[in-house]
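Participant: Pulled the feature table from TrEMBL, pasting it below:
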- Ser96, Phe123, Pro124, Thr125, Asp126, Thr163, Asp192, His195, Tyr217, Trp247, Thr273: pyridoxal 5'-phosphate binding site (BINDING)
- Lys218: N6-(pyridoxal phosphate)lysine (MOD_RES)
Amino acid sequence: MIDRARTLDAGDPLAQYRGRFDVPEGVIYLDGNSLGCLPSATPARLEQVVREEWGSDLIRSWNTAGWIDMPAKLGGKIAPLIGAQPQEVIVSDSVSVNLFKLISAALALRPGRKVVLSEPGNFPTDIYMIEGLEKQGLAERRLAPREELHEALDEDVALLLLTHAHYKTGELFDMAELTRAAHDAGALVLWDLSHSGGALPVDLNGCEADFAVGCGYKYLNGGPGAPAYAFIAQRHIADTQQPLSGWMGHAAPFAFDDDYRPAPGVERLLCGTPGILGLAALEVGVDLIAEIGVENLYAKSQRLSEFFRQCLAESGVELELVSPDDPATRGSQLSFRHDEAYAICQALIARGVIGDFRDPDILRFGFAPAYLRYEDMAEAARHLAEVLESGEWQRDEFRTRAAVT
Ligand SMILES: *Cc1c(COP(=O)(O)O)cnc(C)c1O
């Protein structure tokens, strides 16, 4: 296995990019779908922002270093990764907060309709944000399993809110088809790209999507709690009213008017003062992903995950796969079901193989192809086989749950 892996690494056109990340020695990192690795250029860039732009230039940097334009500039860089125009994307706040803004905006665009439709088992924050609006009397939450979504799309639905690549299983929705179905029912669509943006090609405009949000700290490698991004299709921007009408989303923040006037562009999604350190770190990650190219990344991630499965099979590991069998219908991850998934995950981490556990019984491995090698696949499969065979996961130390899984 290892020889075959090394041959594949030798022929890998993306192999050089591993050196652009600080992957810790002795670690096989299969959790880039939860927190991407540190790009090697990030610490120096942050040092520069802190020491020069903040330390020396102080408040002048809002103009001289272009801080004020960073949310839109960075949005413009993310846009081509998700099939959007540069003026349709802004970076701000967290995914959760952007969901709140855009769910509210969509409801306002569909007066007389209150239902926000999603699927049970969607990422919790997506569902909770609908619930919050429901408690305020502004929305009605409806959850329908995937196979019943079409049926649930009736004349009461204002918005269909789905996560493109499911966080637990990696299963992809057919974005074009579901967007069309929602539009046919008179509803708008909001796609959560947290597990697809920067991992696989997304074509928001090709699918005529209305709104989207996505995460900065996963495949975009923006660092813990990195700011998120939000997309409004050009045709909706002028009519999009979001309720968090903070001064940074004003048409002229420094006019200090008493009355709120939204910015003409996607900047109207801004709320308060943007976190410049977070934006600066995210920019390094986005530049790097854009340089490598999402098509290239997705092609390699499919090969990596299939090679991993092959290695598992050859090592005699039989685990129930809960991700789609066909790599073209899943994101950049593989998830397996096991009653002792938590302890197995901890035993792997103790060996330096970092994946993660998702309640109640999912063992999840993310394949961030920018910094992973085929050799890592062979080694991770060997470790997993050894952990299962030896039963070392049964040790007490692997069974105590930490706060963050
Ligand atoms: C990671 C993730 C989020 C994260 O939301 P935050 O508000 O940034 O914490 C949201 N939705 C999905 C589908 C995710 O995977």
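FYI, residue positions are counted from 1 along the chain as it appears here.
The backbone N, Cα and C atoms fix where each Cβ goes, and this holds for glycine too.
Provide an account of the burial state, proximal residues and distances for the features listed.
Facilitator: Other C-beta atoms found within 10 angstroms of the C-beta of Ser96 (pyridoxal 5'-phosphate binding site) number 16, with every protein chain shown included.
Under DSSP, Lys218 (N6-(pyridoxal phosphate)lysine) is assigned to coil, being neither helix nor strand in the three-state scheme. The C-beta environment of Lys218 (N6-(pyridoxal phosphate)lysine), restricted to residues of the same chain at least 6 apart in sequence and closer than 8 Å, consists of Gly32, Asn33, Ser34, Leu35, Gly36, Ser194, His195, Gly198, Ala199.
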Participant: State the three-class DSSP label for Thr273 (pyridoxal 5'-phosphate binding site), counting H, G and I as helix, E and B as strand, and everything else as coil.
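Facilitator: The three-state answer is coil.
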Participant: Among all protein chains shown, how many Cβ atoms are found within 10 Å of the Cβ of Tyr217 (pyridoxal 5'-phosphate binding site), not counting that one?
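Facilitator: A 10 Å sphere around the Cβ of Tyr217 (pyridoxal 5'-phosphate binding site) contains 23 other Cβ atoms.
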Participant: Check the binding-site residues Asp126, Asp192 for other C-beta atoms within 10 angstroms of each C-beta and report the one with the most.
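Facilitator: That would be Asp192, with the most Cβ atoms nearby.
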Participant: Looking at Cβ-Cβ distances, which residues of the chain lie under 8 angstroms from Pro124 (pyridoxal 5'-phosphate binding site) while being 6 or more apart from it?
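Facilitator: When sequence neighbours closer than 6 are ignored, Pro124 (pyridoxal 5'-phosphate binding site) has nothing within Cβ distance under 8 Å.
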Participant: Filter the candidate list Ser96, Asp192, Tyr217 of binding-site residues, keeping only entries whose CB is under 6 Å from an atom of ligand 1.
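Facilitator: Ser96, Asp192, in sequence order.
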Participant: Would you mind checking how many other C-beta atoms are within 10 angstroms of the C-beta on Thr273 (pyridoxal 5'-phosphate binding site)?
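Facilitator: Neighbour count, Cβ to Cβ under the 10 Å cut-off: 13.
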